[in-house]
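Worksheet: one structure, shown below.
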């Protein structure tokens with residue numbers, strides 16, 4: 001019995017040790033995860049559809065997030081404060097005559113990598129590469145779609161007016177059309193990237209134009225802070241005991257953010273990330289994921305139903321492609337791909353509108369607009385992971401196929417998430433859905449909601465307010481547009 005107990009203990013320790021060695025923190029950074037770290041993580045239990053012989057892709061819709069970006073100016077300041085506070089903690093330990101042997105070596109001379117940086121939030125060189133390579137892969141995967149001479153009406157590229165999104169669109173276009181022009185050694189060509197005004201972009205920045213949503217998000221902050229607090233308190237207590245430092249909850253929050261930035265941007269995993277065990281990382285990741293769930297995902301139907309203008313835009317482009325195919329229009333005279341580049345606040349609601357990453361019978365619940373339970377807490381498994389749903393450069397592609405007349409349906413829609421087929425609960429759990437079923441079961445049920453009614457119904461009340469109030473609102477709006485994007489309204493993190 002004693003030997004059996006010893007053997008069991010040994011096997012447990014060995015198993016845990018191996019699990020720790022196999023754990024890659026770069027895959028557990030929620031929406032700060034780099035695309036390359038997770039793009040090929042798929043649900044092995046799902047078997048993608050075999051595209052029937054004779055089916056040809058005729059149109060593609062892409063909704064993509066910008067690539068890996070640098071910290072915003074607000075976060076840069078937070079990192080500089082953290083560097084100063086670490087020095088204070090070490091000095092405090094010296095004054096208390098504590099042994100400094102426990103202090104992580106990197107603490108002693110650490111300075112923020114972004115010290116003195118005046119701007120922030122721009123597309124990182126890694127983000128440029130993510131989108132450039134994505135453009136190359138998309139072209140190689142769908143040669144039937146990208147076989148026409150470039151024209152902005154055939155391959156429109158749309159983006160928000162946020163620089164990291166438009167830069168991502170440019171990087172993608174450079175990959176997509178590389179070798180197709182005459183500019184430079186790479187034979188690049190010029191192409192058009194268009195965007196709507198930030199104040200009226202209800203297709204890609206619907207979250208910023210929706211006053212009801214902005215009010216809701218602001219009011220939710222206490223709720224998810226309350227959910228995070230027990231986990232942050234527990235980890236703060238554990239690290240304070242381990243290192244004998246007077247860590248605060250804010251310290252741990254900042255160190256977790258540093259871990260995410262170091263590992264994502266700099267491939268450094270042996271500094272801030274080394275402070276946390278895999279179990280603690282999983283819990284911190286979960287807190288980020290539930291925040292995303294509550295204010296961008298299935299936590300409230302408003303989060304995704306305000307994205308209906310984008311869904312209508314996708315359906316319209318598909319319908320026009322079908323009409324062109326039916327009318328045998330001349331190649332080059334109609335649109336073959338609509339390519340969009342935006343933010344996590346765009347990609348996450350759009351994924352929800354398609355019914356992706358749901359558990360069990362959740363699709364029926366969202367059709368009834370019933371609230372969903374929060375994603376299960378680790379160590380339980382969950383479908384809803386920010387690192388998979390919306391990593392940097394995360395994307396959804398909807399590919400429209402034209403199939404032979406003897407098929408059950410002439411037109412089908414295949415949904416790819418991060419370039420891999422993904423099941424749609426609204427279409428019987430398949431990734432290859434008859435267009436009419438896709439339209440009737442997944443898309444049009446959302447159209448019972450009107451964007452203006454959802455987002456701005458209460459603004460009718462303002463019609464009865466004095467003109468001076470409207471004027472002051474106009475000035476506030478003008479100054480907000482002229483401000484730095486590092487501090488978007490109500491703390492929206494793009």
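Cβ atoms are placed via backbone N, Cα and C, with glycine included.
TrEMBL does not curate its annotations; it predicts them automatically.
The signal peptide annotation in TrEMBL covers 1-19.
Here TrEMBL flags 55-403 (among others) as disulfide bond. With a 10 A radius on its CB, residue 403 (disulfide bond) counts 20 other CB atoms from all the protein chains.
Using a 10 Å Cβ-Cβ cutoff, residue 273 (disulfide bond) registers 20 neighbours. Feature annotation from TrEMBL assigns disulfide bond to 259-273 (among others).
Annotation source TrEMBL lists disulfide bond at 427-433 (among others). Within the same chain, residues at least six positions away from residue 427 (disulfide bond) with a Cβ under 8 Å of its Cβ are 433, 434, 437, 438, 441, 442.
The disulfide-bonded residues under consideration are 55, 259, 433. Their Cβ neighbour counts within 10 Å are lowest for 55.
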